[in-house]
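Visitor: Got a structure for you, written out below as structure tokens; questions coming shortly.
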Amino acid sequence: MNGQPSYPAVPPSLLANLNPEQLAAVTLPPEPALILAGAGSGKTRVLTTRIAWLLQTGQVGPGGLMAVTFTNKAAKEMVTRLSTMLPYNVRGMWIGTFHGLCNRFLRAHWKIANLPQTFQILDSGDTLSAVKRVIKALKLDEERFVPKQMTWAIAGAKEEGKRPHDLPQHDGQARTLVEIYQAYEDQCQREGVVDFAELMLRSYELLRDHPEIREHYQRRFQHILVDEFQDTNRLQYLWLKMLAGPPDGAHSAALFAVGDDDQSIYAFRGAQVGNMSDFEREYRVRHLIKLERNYRSFGNILDSANALIAHNSRRLGKNLHTEAGPGEPIRVYEATSDYAEAQWLLDEAQQLHRSGTARSEVAVLYRSNAQSRVIESALFNAGVPYRVYGGLRFFERAEIKHALAYLRLIENPNDDTSFLRVVNFPARGIGARSVEQLQDAARSSGRSLNQSVGAVGGAAGAKLASFQRLIDDLRERTRGATLREIIERMLDASGLVTFYRTEKEGQDRIENLEELVTAAEAFVTQEGFGKDVIALPVDETAPGTIAAPLPGEPEAVARVDLLPDAETGEILSPLAAFLTHAALEAGDNQAQAGQDAVQLMTVHAAKGLEFDAVFITGLEEGLFPHENSLTSVSAQGADGLEEERRLMYVAITRARQRLYLSFSQTRMLHGQTRYHIKSRFIEELPETALKWISPKNQGFGSGFETSYQQAWQRGSGMGSMVGAGRHAGWSPPPAPPPSWAAPVPAAMRQAAAKDNGHGLRQGQSVFHNKFGEGVILTLEGSGTDARAQVNFGRHGAKWLALSVAKLTPIE
DNA sequence: ACACCAAAAATTTTT
DNA sequence: TTTTTGGTGT
């Protein structure tokens, strides 16, 4: 690193044990840098150590740098690690998610941003209902303008940095979209709410349109560090550029972008891997460092990951290596059915457990959520504790959303989304008719529902007025109360708890509502309400310290995401702050924590995690790679298949010690038995790293277990499975059959063994010279007329005349 | 307002 | 097959 200035010595412990590339990245000069950090290469360590190094060498004060992540989890981890490395309270630093930081920014500059100070944030559900209302108000056909698609289009436009007038209006459809977008925007503005994309967009526009604020922040932040840069969308990159300043600007911040193009799996929701190369070009990045040494996995696992990802074309190029040995071979299992696959997985998982692997160190990954059920069923029946990720999150539960709606109305009675959610929940005799009347009145006067209550007469008007009084009373009586008191009073006065007490399944919901009180309490403590604002030590003598703050803006406060008003220093009420928190951090997924349980999740959900043992299941053409991905060469020009392959790469690199791959010849999907061939991704792995496990007697009938009943309700605790006799399916001949499988009905055996003179049967794997490996879906006709429908995976399902086509049975 | 039934859809998802 | 959605009937 030529010309790198020298800085005061830092404790040797800080930089000790970094490898040369990590050290180089950590100690780069304040210039644009791109760090290509492979899976398990110590990415988070590099990020946090660089921040600590910058601070400890006095190159920057705690207010002069910003670190951005995507998830709250990643942000929290960074803060936690930093607090062990630094002698100060790092909580006031600008470390957070894109949305969290934009929220903080807009809270400080709400006036210039043209927002009410207590603006609330819509989650995706709120956004959808808001758009539905817009479509209804515009009297548009929901068939032609599907609300979900409209929210998608609006968010998509915002993430491109576009307002309604920036969109094309070439045809009627496009013009109506613009109309919906505009009306939605007006409605949000009227109600004082913003959606997730709006947080980013408004924050970006504020910087773009107000040079004095832009320059202030550009002077202030000398270092901006970005995690998971490959996942940024267009708007996020624009925002970063706005904050950092132009490449050659006098006060431009050093952008330190960390990412891995091979782990880009979110193109489908707008991520632009291209931002990496754009950044490299636009900022003339001179420091490109590849972290390729992996500290997580054994050689066989890494060899497989490398071999697989080498099949992708558009790559920045990177190869993982390790100094650990090759480790265990990767075990590959071909099952005859999804059922058998789950059974095998169960056996292997139990084996792992017996040999000392903690259950929580075993992960079962699948491409799509629907695949979890068979596995759950096998684990459940064997009494193996497991945990499924991906359910509803705490703040997304219906009862919690209802409670939050009441709280939001206390804070802002003009929040129509919340008004509509609870005006008749619990039921208080305000039906659709009355609500419609109210909406009409509101629409014609351009006011909120709450403001229009007086315009509705008769019995309906009286009931509405009484609801209004309920909220107003609540607001009055809780003025100055603690957050806990507010929530408890609301739960009581709203009738929510009373309502759920009469419900038969209401007990869980009441418990969740109690949990809400606990969450609020924790939030108050954590955010330091009732405590003095804590200022961070700032070294004024150090080179390049923080520029003067805006008037009234403290350098750092204890309340992490709630910067006071830039002019008045006013801080949000605990209630408004808690509501913001609830929207930005939807909380944990259900799933009982605590117990040592096998972890079940989609590959997407596994990103960023690691486990001693990983099972990747359902490796079949059509499932993984998913059939929809093959045809989707998405708008951005990203290749669907390549993204699937990166997904597989992410999955493989989650494993530390052992990796298991499995696929099944048949699988119940959408109520039908489907025949699949093994995923091309398996064939892209080095044969030398694999060890094929096959059931011994794969006799006839292979692939013919079909449906079995599933009698327990997901998530509703331990029910009981339907008795074995109810299972309609066939058990795999490789005995001993599992105790819970039914005997094979004789008639079905016949069907399975049916062959039409060509030595072929349904479900049989076959080879075709042109189309390769396939599975027979159906057999029809006989003699010269005999034909078969064969699923060739990537070539699709084809009908073949057996008198012509040469099909060789496999094994 | 609520219960019931039929029809349609069923990658991946954080904020 | 399961889940969600919408429509109809009471």
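Glycine too: its Cβ is placed from the backbone N, Cα and C atoms.
Below are the features listed in TrEMBL for this protein:
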| type | residues | note |
| --- | --- | --- |
| BINDING | A:Ala37, A:Gly38, A:Ala39, A:Gly40, A:Ser41, A:Gly42, A:Lys43, A:Thr44 | ATP binding site |
| DOMAIN | A:16-298 | domain 'UvrD-like helicase ATP-binding' |
| DOMAIN | A:299-608 | domain 'UvrD-like helicase C-terminal' |
Visitor: Can you check which residues sit near A:Gly38 (ATP binding site), meaning Cβ under 8 Å from its Cβ, same chain, 6 or more apart in sequence, and list them in order?
Guide: A:Asp260, A:Asp262, A:Lys290, A:Leu291, A:Glu292, A:Asn294, A:Lys318, A:Leu320
Visitor: For A:Thr44 (ATP binding site), which of the three DSSP-derived states applies: helix, strand, or coil?
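Guide: Going by the DSSP assignment, A:Thr44 (ATP binding site) falls within a helical segment, counted as helix.
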Visitor: Among the binding-site residues listed here (A:Ser41, A:Thr44), identify the one with the smallest other-Cβ count within 10 Å.
Guide: A:Thr44
Visitor: Residues near the ATP site, A:Ala37, A:Gly38, A:Ala39, A:Gly40, A:Ser41, A:Gly42, A:Lys43, A:Thr44 excluded, by Cβ within 8 Å of the Cβ center?
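Guide: Close Cβ neighbours, site residues excluded: A:Val46, A:Asp260, A:Leu291, A:Asn294, A:Tyr295.
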Visitor: Counting only residues 6+ away in sequence within the same chain, which have a CB under 8 Å from the CB of A:Gly42 (ATP binding site)?
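Guide: Same-chain residues close to A:Gly42 (ATP binding site) (Cβ under 8 Å, separated by 6 or more) are A:Leu18, A:Asn19, A:Gln22, A:Leu291, A:Tyr295.
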Visitor: Using Cβ-Cβ distances, find the residues under 8 Å from A:Ala37 (ATP binding site) that belong to the same chain and are at least 6 apart in sequence, listing them in sequence order.
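Guide: Non-local contacts for A:Ala37 (ATP binding site): A:Lys43, A:Val46, A:Val258, A:Gly259, A:Asp260, A:Leu291.
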Visitor: Mean pLDDT across the domain 'UvrD-like helicase C-terminal' (A:299-608), rounded to an integer, is what?
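Guide: Across the domain 'UvrD-like helicase C-terminal' (A:299-608), the average pLDDT comes out at 83.
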Visitor: Suppose we draw a 10 Å sphere around the Cβ of A:Lys43 (ATP binding site). How many other Cβ atoms does it contain, all chains included?
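Guide: By my count, 22.
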